[in-house]
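Asker: This structure is in C-alpha coordinates; I'll ask about it shortly.
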Amino acid sequence: MGWIRASIRWIWGRVTWFWRVISRPSSFLSIGFLTLGGFICGVIFWGGFNTALEITNTEKFCTSCHEMRDNVYQELMPTVHFSNRSGVRASCPDCHVPHEWTDKIARKMQASKEVWGKIFGTISTREKFLEKRLELAKHEWARLKANDSLECRNCHAAVAMDFTKQTRRAPQIHERYLISGEKTCIDCHKGIAHQLPDMTGIEPGWLEPPELRGEEQAWLGGGAEAVHRYLATVETR
(Lines of atoms letter the chains of each structure in order from A; the text may use other names.)
(Lines give C-alpha, C1' and ligand atoms only; values in the text may rest on other atoms or scores of the structure.)
Protein backbone atom coordinates (compact mmCIF):
# COMPACT_ATOMS: atom_id res chain seq x y z
CA MET A 1 0.00 0.00 0.00
CA GLY A 2 2.96 2.25 0.51
CA TRP A 3 3.62 2.57 -3.21
CA ILE A 4 0.02 3.69 -3.73
CA ARG A 5 0.39 6.49 -1.20
CA ALA A 6 3.70 7.47 -2.78
CA SER A 7 2.11 7.60 -6.24
CA ILE A 8 -0.75 9.74 -4.98
CA ARG A 9 1.68 12.15 -3.28
CA TRP A 10 3.76 12.35 -6.47
CA ILE A 11 0.70 13.09 -8.62
CA TRP A 12 -0.61 15.64 -6.15
CA GLY A 13 2.78 17.32 -6.05
CA ARG A 14 2.79 17.70 -9.82
CA VAL A 15 -0.78 19.05 -9.79
CA THR A 16 0.02 21.67 -7.15
CA TRP A 17 3.19 22.68 -9.01
CA PHE A 18 1.27 23.08 -12.25
CA TRP A 19 -1.39 25.14 -10.46
CA ARG A 20 1.26 27.46 -8.99
CA VAL A 21 2.75 27.95 -12.45
CA ILE A 22 -0.53 28.84 -14.18
CA SER A 23 -1.76 30.98 -11.27
CA ARG A 24 1.52 32.97 -11.05
CA PRO A 25 3.42 32.28 -14.27
CA SER A 26 5.72 35.28 -13.93
CA SER A 27 7.22 33.71 -10.78
CA PHE A 28 8.38 30.64 -12.70
CA LEU A 29 8.71 31.67 -16.34
CA SER A 30 10.45 34.61 -18.00
CA ILE A 31 8.49 37.46 -19.59
CA GLY A 32 10.03 36.63 -22.96
CA PHE A 33 8.93 33.02 -22.75
CA LEU A 34 5.41 34.04 -21.71
CA THR A 35 5.20 36.56 -24.54
CA LEU A 36 6.41 34.08 -27.14
CA GLY A 37 4.19 31.32 -25.77
CA GLY A 38 1.17 33.61 -25.75
CA PHE A 39 1.86 34.67 -29.33
CA ILE A 40 2.19 31.07 -30.54
CA CYS A 41 -0.98 30.02 -28.73
CA GLY A 42 -2.80 33.02 -30.20
CA VAL A 43 -1.71 32.14 -33.74
CA ILE A 44 -2.80 28.51 -33.28
CA PHE A 45 -6.17 29.54 -31.84
CA TRP A 46 -6.82 32.17 -34.52
CA GLY A 47 -5.80 29.84 -37.32
CA GLY A 48 -7.98 27.04 -35.98
CA PHE A 49 -10.93 29.38 -35.45
CA ASN A 50 -10.78 30.81 -38.97
CA THR A 51 -10.28 27.37 -40.51
CA ALA A 52 -13.41 26.10 -38.76
CA LEU A 53 -15.26 29.26 -39.79
CA GLU A 54 -14.37 28.82 -43.45
CA ILE A 55 -15.34 25.15 -43.39
CA THR A 56 -18.85 26.22 -42.40
CA ASN A 57 -18.84 28.66 -45.35
CA THR A 58 -18.81 26.00 -48.03
CA GLU A 59 -21.61 24.59 -50.15
CA LYS A 60 -20.57 21.11 -49.06
CA PHE A 61 -21.19 22.01 -45.43
CA CYS A 62 -24.50 23.73 -46.19
CA THR A 63 -25.84 20.71 -48.07
CA SER A 64 -24.54 18.12 -45.60
CA CYS A 65 -27.98 18.21 -43.93
CA HIS A 66 -30.77 16.51 -45.87
CA GLU A 67 -33.11 19.42 -45.11
CA MET A 68 -31.06 21.73 -47.33
CA ARG A 69 -29.84 19.14 -49.83
CA ASP A 70 -33.28 17.73 -50.60
CA ASN A 71 -35.20 21.00 -50.65
CA VAL A 72 -33.62 24.37 -51.43
CA TYR A 73 -30.50 22.95 -53.11
CA GLN A 74 -32.60 20.98 -55.58
CA GLU A 75 -34.47 24.19 -56.40
CA LEU A 76 -31.21 26.09 -56.93
CA MET A 77 -29.76 23.64 -59.47
CA PRO A 78 -32.01 24.54 -62.45
CA THR A 79 -31.46 28.30 -62.00
CA VAL A 80 -29.03 30.63 -63.73
CA HIS A 81 -27.24 31.19 -60.43
CA PHE A 82 -26.18 27.52 -60.45
CA SER A 83 -25.42 26.89 -64.14
CA ASN A 84 -24.95 29.47 -66.89
CA ARG A 85 -22.98 30.20 -70.05
CA SER A 86 -20.20 32.06 -68.20
CA GLY A 87 -19.64 29.32 -65.61
CA VAL A 88 -19.98 31.64 -62.61
CA ARG A 89 -21.85 29.92 -59.80
CA ALA A 90 -23.30 31.49 -56.67
CA SER A 91 -22.94 29.02 -53.82
CA CYS A 92 -25.05 28.98 -50.65
CA PRO A 93 -22.73 31.20 -48.54
CA ASP A 94 -22.33 33.68 -51.40
CA CYS A 95 -25.96 34.69 -50.93
CA HIS A 96 -26.71 33.76 -47.33
CA VAL A 97 -23.53 34.64 -45.41
CA PRO A 98 -22.14 38.21 -45.22
CA HIS A 99 -18.61 38.64 -46.52
CA GLU A 100 -17.50 41.21 -43.92
CA TRP A 101 -15.99 39.51 -40.87
CA THR A 102 -18.05 41.20 -38.16
CA ASP A 103 -21.32 40.65 -40.03
CA LYS A 104 -20.29 37.07 -40.74
CA ILE A 105 -19.75 36.37 -37.03
CA ALA A 106 -23.14 37.88 -36.21
CA ARG A 107 -24.77 35.64 -38.83
CA LYS A 108 -23.01 32.59 -37.41
CA MET A 109 -24.38 33.42 -33.97
CA GLN A 110 -27.87 33.66 -35.46
CA ALA A 111 -27.33 30.23 -36.99
CA SER A 112 -27.50 28.70 -33.52
CA LYS A 113 -31.28 28.82 -33.94
CA GLU A 114 -30.92 26.74 -37.09
CA VAL A 115 -28.89 24.16 -35.17
CA TRP A 116 -31.72 24.01 -32.65
CA GLY A 117 -34.17 23.43 -35.49
CA LYS A 118 -31.98 20.63 -36.85
CA ILE A 119 -31.87 18.87 -33.48
CA PHE A 120 -35.63 19.01 -33.01
CA GLY A 121 -36.54 18.31 -36.65
CA THR A 122 -38.34 21.58 -37.38
CA ILE A 123 -38.14 20.99 -41.15
CA SER A 124 -37.05 17.36 -41.15
CA THR A 125 -39.62 16.37 -43.79
CA ARG A 126 -40.74 17.91 -47.07
CA GLU A 127 -44.15 18.60 -45.58
CA LYS A 128 -42.67 20.43 -42.59
CA PHE A 129 -40.42 22.44 -44.88
CA LEU A 130 -43.31 23.55 -47.08
CA GLU A 131 -45.26 24.63 -44.00
CA LYS A 132 -42.32 26.79 -42.86
CA ARG A 133 -41.27 28.02 -46.31
CA LEU A 134 -43.02 31.39 -46.10
CA GLU A 135 -41.66 32.06 -42.61
CA LEU A 136 -38.12 31.14 -43.66
CA ALA A 137 -38.38 33.26 -46.80
CA LYS A 138 -39.64 36.27 -44.85
CA HIS A 139 -36.68 36.05 -42.47
CA GLU A 140 -34.23 36.09 -45.38
CA TRP A 141 -36.10 38.84 -47.24
CA ALA A 142 -36.01 40.98 -44.09
CA ARG A 143 -32.27 40.36 -43.61
CA LEU A 144 -31.45 41.36 -47.19
CA LYS A 145 -33.77 44.35 -46.99
CA ALA A 146 -32.00 45.53 -43.83
CA ASN A 147 -28.51 45.33 -45.36
CA ASP A 148 -29.55 46.82 -48.72
CA SER A 149 -29.17 43.46 -50.49
CA LEU A 150 -25.47 43.43 -49.68
CA GLU A 151 -24.91 39.83 -50.77
CA CYS A 152 -26.55 40.58 -54.15
CA ARG A 153 -24.36 43.64 -54.63
CA ASN A 154 -21.19 41.67 -53.93
CA CYS A 155 -21.61 40.42 -57.52
CA HIS A 156 -24.10 42.82 -59.14
CA ALA A 157 -23.22 46.52 -59.34
CA ALA A 158 -25.77 49.03 -60.60
CA VAL A 159 -23.01 51.21 -62.08
CA ALA A 160 -21.80 48.25 -64.17
CA MET A 161 -25.20 47.46 -65.69
CA ASP A 162 -25.55 47.85 -69.45
CA PHE A 163 -29.18 48.89 -69.78
CA THR A 164 -29.09 48.32 -73.55
CA LYS A 165 -28.73 44.58 -72.94
CA GLN A 166 -31.69 44.37 -70.58
CA THR A 167 -35.33 43.71 -71.44
CA ARG A 168 -37.49 46.69 -72.32
CA ARG A 169 -38.95 47.36 -68.88
CA ALA A 170 -35.86 46.49 -66.82
CA PRO A 171 -33.94 49.76 -67.43
CA GLN A 172 -37.02 51.80 -66.50
CA ILE A 173 -37.51 49.85 -63.28
CA HIS A 174 -33.82 49.92 -62.34
CA GLU A 175 -33.49 53.64 -63.01
CA ARG A 176 -36.69 54.45 -61.14
CA TYR A 177 -36.11 52.31 -58.06
CA LEU A 178 -32.57 50.90 -57.87
CA ILE A 179 -30.45 53.84 -59.04
CA SER A 180 -32.50 56.25 -56.95
CA GLY A 181 -32.09 54.06 -53.88
CA GLU A 182 -35.84 53.88 -53.34
CA LYS A 183 -35.78 50.08 -53.56
CA THR A 184 -33.19 47.37 -53.12
CA CYS A 185 -32.64 44.14 -55.06
CA ILE A 186 -34.69 41.84 -52.82
CA ASP A 187 -37.77 44.07 -53.08
CA CYS A 188 -38.30 42.86 -56.66
CA HIS A 189 -36.07 39.82 -57.11
CA LYS A 190 -37.62 37.29 -54.76
CA GLY A 191 -37.54 33.63 -55.78
CA ILE A 192 -34.55 33.93 -58.11
CA ALA A 193 -32.74 30.90 -56.67
CA HIS A 194 -35.48 29.00 -54.86
CA GLN A 195 -39.16 28.46 -55.39
CA LEU A 196 -41.46 31.12 -54.01
CA PRO A 197 -43.83 30.35 -51.16
CA ASP A 198 -47.52 31.20 -51.42
CA MET A 199 -47.31 34.93 -52.27
CA THR A 200 -50.97 35.67 -51.61
CA GLY A 201 -51.23 39.10 -49.97
CA ILE A 202 -47.52 39.91 -50.39
CA GLU A 203 -47.01 43.08 -52.40
CA PRO A 204 -44.33 42.93 -55.12
CA GLY A 205 -41.47 45.38 -55.15
CA TRP A 206 -42.51 46.88 -58.49
CA LEU A 207 -45.57 48.93 -59.41
CA GLU A 208 -48.13 47.59 -61.82
CA PRO A 209 -47.08 48.79 -65.30
CA PRO A 210 -49.55 51.11 -67.07
CA GLU A 211 -50.11 48.64 -69.91
CA LEU A 212 -51.40 46.04 -67.45
CA ARG A 213 -53.66 48.27 -65.38
CA GLY A 214 -57.15 46.89 -65.18
CA GLU A 215 -55.94 43.31 -65.57
CA GLU A 216 -55.92 40.79 -62.74
CA GLN A 217 -52.92 41.25 -60.46
CA ALA A 218 -51.07 37.95 -60.51
CA TRP A 219 -49.49 38.33 -57.09
CA LEU A 220 -52.87 38.75 -55.39
CA GLY A 221 -54.63 35.81 -56.93
CA GLY A 222 -52.44 32.89 -57.87
CA GLY A 223 -49.52 32.59 -55.48
CA ALA A 224 -46.03 31.60 -56.60
CA GLU A 225 -47.02 30.09 -59.95
CA ALA A 226 -48.90 33.22 -60.94
CA VAL A 227 -45.92 35.39 -60.07
CA HIS A 228 -43.66 33.21 -62.20
CA ARG A 229 -46.11 33.45 -65.10
CA TYR A 230 -46.19 37.22 -64.75
CA LEU A 231 -42.40 37.44 -64.74
CA ALA A 232 -42.26 35.22 -67.83
CA THR A 233 -44.56 37.57 -69.72
CA VAL A 234 -42.41 40.53 -68.71
CA GLU A 235 -39.27 38.84 -70.04
CA THR A 236 -40.86 38.36 -73.47
CA ARG A 237 -41.79 42.02 -73.95
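Glycine residues also receive a Cβ, built from the backbone N, Cα and C atoms like all the rest.
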Asker: Taking Swiss-Prot at its word that CYS62, CYS65, MET68 bind heme 1, choose the one of GLU114, GLU127, GLU131 listed for that site.
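Answerer: Of GLU114, GLU127, GLU131, GLU114 joins CYS62, CYS65, MET68 in the heme 1 site that Swiss-Prot records.
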Asker: Say you check the Cα of HIS96 (heme 2 binding site) against those of the binding-site residues MET68, CYS152, HIS156, CYS185; which is nearest?
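Answerer: Minimum Cα distance from HIS96 (heme 2 binding site) across MET68, CYS152, HIS156, CYS185 lands on CYS152.
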Asker: Round to a whole number and give the Cα-to-Cα distance in Å for the pair HIS189 (heme 4 binding site) and CYS152 (heme 3 binding site).
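Answerer: Rounded to a whole number, the Cα-Cα distance is 10 Å.
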Asker: Whole-number answer please: how many Å between the C-alpha atoms of CYS62 (heme 1 binding site) and CYS95 (heme 2 binding site)?
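Answerer: Approximately 12 Å lies between the Cα of CYS62 (heme 1 binding site) and that of CYS95 (heme 2 binding site).
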Asker: Starting from the heme 1 site formed by CYS62, CYS65, MET68, GLU114, give every other residue of that chain whose CB sits within 8 Å of the mean position of their CB atoms, in sequence order.
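Answerer: Apart from the listed residues, the neighbours are PHE61, THR63, SER64, GLU67, ARG69, CYS92, LYS118.
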Asker: Between CYS95 (heme 2 binding site) and CYS152 (heme 3 binding site), how far is it from one CA atom to the other, in Å?
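Answerer: Cα to Cα, CYS95 (heme 2 binding site) and CYS152 (heme 3 binding site) are separated by 7 Å.
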